[in-house]
Amino acid sequence: MPPSGGSILPVTFAHRLRPRLVEERASVSPLELFFDLVFVFALTRVTDLMAEDPTGVNLLRGALVMAVLWWSWVGYAWLCNLVRADEGIVRVVMFGAMGAMFVTALTIPEAFDDLTGGLDGPVIFALGYFVVRLLHLVMFWVVSREDPQLRGQVLRFAPSMLTGTVFLLVASQLTGTAQTVMWILALAGDYLGTLIGGTDWRLRSVSHFAERHGLIIIVALGESIVSIGIGVASLPISWAIIVASLLGLAVSGLLWWSYFDVTSLAVEHAFEEATGARQIKIARNCYSFIHLPMVIGIVMLSLGLKKILSYVGDGNHHRLVDPLYGWPLVALFGGAALYLLALVAFKAYATRSVTVPRVVTAVVLVALLPVVWHIPALATLGVLTAVLLAMIGYEMVRYDQPRDEIRHRHP
């Protein structure tokens, strides 16, 4: 054997561990979709956290948890747009991050209040978050070794991540208002650090980045459908359940339509045409930031749908004429309104055009709250469906020509 023969295995192994760059027209990989399954589970846990006792405090807590989980997910959306998720050491890191995020999701019911026995839930939540973010940061450090500009961006980004983790650990030792303030400070440090930290990040594939975020909207909408099923899981089937389930599915479908029919395409076209810092800002602001209120809106909507199904199906505790009221109703209509306003901001930043009908619809939904407060829960769901359907119908007629141009634009 030649003297160099002993180095064949190490060289080959090192080559296999090497990250591979994402191609310009790459699609989302199966491993990224697998990664998102943990996010689906986390969304379900957040909905359960709010549904157990749907007060204003618990809705705020649910939104804070969502913001933490979202920022964990966003980091890997950027990483996997630079290097392939399913190649080399990145694959191992992705599985490690999945494990840490899964543990974090498991502790969501204890993220604020530790349950008796076992480990300290709030501390485990904070540590799980730290591991997810640390793996992301280390991986970015590795792939930026030949890119001084990107490495400088990573160094500017690191303090915000560490600040967020420290505040969460401090919050784990507090209760009440002080704990909530620490959570808000943790998120403020993380998000503001990214906002002011510069635009030297890298995008290898605009289409991949847009597709990745579109899929997470589908994931969130899928969780809303799961909530419908969970709401009636132990109840005998009835006409009221069938009607409510179909209306709930229609609401989810209309929200899907409002994102994918035109809006996502128009933003992606503007995203592709942008260059330099402007393109990075669209990625950061439209996708990383503005998609968060979309997802929070869907999760809030899921809470409302889950409550409505339990109202119309559980004859032992509710009558069919009972109204949905209080925070579950606010979550249902407010969640839909928040989603629509986020869609308006999403398109407005990228294309500099405001979709007025959606602003009007969001205002109408909020204005209808006092009206639907006293009508049967099933009728409330019917009103929501009718308002969203009217919005979609109006847009299809009013913007028929530009809609056709956007949907059938040649690359």
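Positions of Cβ are set from backbone N, Cα and C atoms, glycine also.
Heads up, TrEMBL stuff is auto-annotated, nobody curated it.
Per TrEMBL, the feature transmembrane segment maps to 59-80, 92-112, 124-143, 155-175, 181-203, 215-233, 239-259, 286-305, 325-344, 356-373.
For the transmembrane segment (155-175), the partner stretch with the highest count of Cβ pairs under 8 angstroms, out of 92-112, 124-143, 181-203, 325-344, is 181-203. Sequence-distant contacts of the transmembrane segment (59-80) (same chain, six or more residues past either end, CB-CB distance under 8 Å): 22, 29, 32, 35-36, 39, 42-43, 46-47, 49-50, 90, 94, 97, 101, 104-105, 108, 111-112, 129, 132-133, 136-137, 139-140, 143, 164, 168, 180, 183-184, 186-187, 190-191, 201, 209, 212-213, 216, 283, 287-288, 291-292, 295-296, 299-300, 303, 327, 330-331.
Here the transmembrane segment (286-305) has long-range neighbours at 43, 46-47, 50-51, 54, 59, 62-63, 66-67, 70, 74, 77-78, 191, 194-195, 209-210, 213, 216-217, 220-221, 223-224, 226-228, 231, 248, 251, 255, 259, 267, 271, 324, 328-329, 331-343, 345-346, 349-350, 381, meaning same-chain residues at least 6 beyond its ends whose C-beta is under 8 angstroms from one of its own. Counting Cβ pairs under 8 Å to the transmembrane segment (325-344), the stretch among 124-143, 181-203, 215-233, 356-373 with the most such contacts is 356-373. Note on the transmembrane segment (124-143): residues 19, 68, 71-72, 75-76, 79, 82-83, 89-90, 93, 96-97, 100-101, 103-104, 107-108, 110-111, 150-151, 154, 157-158, 161, 164-165, 168-169, 171-172 of its chain, located 6 or more positions outside it, place their CB under 8 angstroms from a CB of the stretch. For the transmembrane segment (215-233), same-chain residues at least 6 beyond its ends with a Cβ under 8 Å from one of its own Cβ atoms are 28, 33, 36, 39-40, 43-44, 47, 73, 241, 244-245, 248-249, 251-252, 255-256, 259-260, 291, 294-295, 298-299, 301-303, 305-310, 313.
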